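Shown next, in structure tokens, is the structure this report addresses.
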Amino acid sequence: MKLSCLSLALAIILLLAIVHSPNMEVKALAGPEADAIGFADAFGEADAFGEADAFGEADAFGEADAFGEADAKRSKSSSKTKPKKPKKPKKKIKIPDWVKSGGKMVGEAVAGAVADAAVSAVMDAAVGTTAEPEQ
């Protein structure tokens with residue numbers, strides 16, 4: 001049997017990856033939602049507790065942001081400041097369903113191809129046949 005231990009280990013690793021691959025989730029396809037603890041999401045929007053977001057804007061409780069600027073409640077005492085323009089609401093990015101389903105189909109196709117390769121490697125290891133170039 002001329003099958004190396006490296007190819008057998010690779011076949012086992014691929015088989016384990018296929019077994020555990022349905023439990024994995026692609027974060028890029030997940031929407032920009034806050035997590036269960038309430039931290040800011042990936043797009044920097046404030047969480048459920050009103051804390052400052054990743055871009056340093058003031059929270060709902062009137063605290064200063066990360067850049068040291070006071071919010072509207074505290075800046076009223078200064079008469080030299082210019083009135084701030086109202087900010088536009090941030091748009092949430094909506095990923096179309098056809099993109100999500102297409103990514104799922106591609107993932108399943110890749111997992112199927114890897115599964116076929118792993119099964120053939122395991123079968124070759126069990127039977128003891130390997131493809132050798134003819135001389």
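Here, residue 1 is simply the first one shown, and the rest follow in order.
Glycine residues also receive a Cβ, built from the backbone N, Cα and C atoms like all the rest.
Checking Ser101, Ser120 against Swiss-Prot for the annotation O-linked glycosylation site singles out Ser120. The number of other CB atoms found within 10 A of the CB of Ser120 (O-linked glycosylation site), across every protein chain shown, is 11.
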